[in-house]
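K.L.:
Quick one: the structure is below, and I'll ask about it shortly.
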Amino acid sequence: MDQSVQGQALAALQVLKVIEPEFQPGDLCTRREYARWLVSASSTLSRSTVSKVYPAMYIENVTELAFDDITPEDPDFSSIQGLAEAGLIASKLSRSDIPSVDDDQSSLCFSPGSPLSRQDLVTWKMALEKRQLPEADRKILHQLSGFIDIDKINPDACPALVADLSAGENGIITLAFGYTRLFQPDKPVTKAQAAIALATGEAFDIVSEELARIEAESMAENAVAAHSALVTQVEKDVNASFEMELLLEREKIDAVEKLTEEAMRELERLRAQREEDNIALMKERAAVESEMEVLSRSRCEVEEQLESLMSNKVEMSYEKERLSKLLKEAETENQEIARLQYELQVERKALSVARAWAEDEAKRAREQVKVLEEARNRWERQGIKVVVDDDLREESNVGVTWLNAGHQFSVEGTVSRTETLVDKLKAMAIDVRGKVKDTISRIIHKELASGAIQRGEELKDTTSSKMGSSLLELQQSSAGFTPSLKEGAKRVLGDCKEGVAKLTQKFKS
């Protein structure tokens, strides 16, 4: 890149207040100045906060100095210390992390007034631009660049030089030094070369924009100068032929006035059209806002309906669980009813056996009484009088009466209880049917919000719940009826056994 372009880059950075305006392109650049400009360019030209370098702050007894010759009183301490703390330049801070550093290297100077070398120009800038430099050595650098003084280059600078050469025409070496096979790493650089280095990489777009602006201003100034020269020439021509030019100027003025009037009319038309467009735009905006309000209200309504549906879903889930529990309880009670019915049948069979046995005993007792009556009549005919105790006669009558009463009670009571049980079961069935209808109606109303599939499942669960409720109520009714029936059967059976025992004892005596 020629010196004029380097000078333009310097001028652009001076306009951007990265470089001070008093410097000239051919002046040598010092290490202090380049460090200060690097930090300033990072703050001004970097659009990403990730790649910005912040000036360092000195905190007494906390901040460790990066160089022995850069103290907090140095005017550029914040910039140089900031670059060192960021790890962009070699310092005591970066070398303290390497355990193999010798003791004689513990003291390190920055030499701020020394001229900036080509090697430092590239390495400092590339360390700021590239967060991760490629791995490279002198051999790789020689293959890529062809430098014949490769042995003079510091091995630590090879990665930065390789990264810069990889940029091709946009690299610092190409833009600042042009085509060269002799790198001369320790050769001082000018402020223009430092400026072109600062303008590469991430700052290229901003500097290019500033250069374009400067060029545009230069062209504008040239145009103004040309216009001034033209005006001067016109004035000379007017002085030479005043009358003719005056007539021509009047004609021009008239034409310009006409053009001005036409321009004013066009401007008014454009202004009216702009106002109409603004009014239409405001109407459209109002319509859009109205639509947004409608959409917002619709959204709120949808959210409310969604909450209602979720609440109904939770309620139906709870009802489903409750009905499932009731179904299980109904099944348990159904099993209990079956067991009680089985016991009732067993008791009925036992009662039938006892009644048959009592009837047989009563029959035998009547036969014995008949035999005794015949014997007494026979003895009376023979002149032997037999006196029968009244108590025995009463007990005999009582026994017969008890047997008849027991037989009658057993048969009639069983029939009566059976009819009563049937009536109760019918009443319970009617009651259960009514409750089932109410339950089905409630569930159908709830299921209308959940969909046809859920309504079918809920109806199935509701039917199961109805059956469970019917079985539960039937069990409750039977539970109250079965113990009384069982106690009555046991009591009748006990009375039968006691009566038979008394009759047997009397006949034996």
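For all residues, glycine too, the Cβ spot is worked out from N, Cα and C.
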K.L.:
Of 61-92, 125-156, 253-284, 413-444, which span is tagged coiled coil by TrEMBL?
P.N.:
253-284
K.L.:
Taking the coiled coil (253-284) alone, what is its mean pLDDT?
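P.N.:
PLDDT averaged over the stretch: 94.
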K.L.:
Could you tell me how many residues in the domain 'SLH' (144-212) are helical, how many are strand and how many are coil under DSSP?
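P.N.:
Final tally across the stretch: 46 helix, 2 strand, 21 coil.
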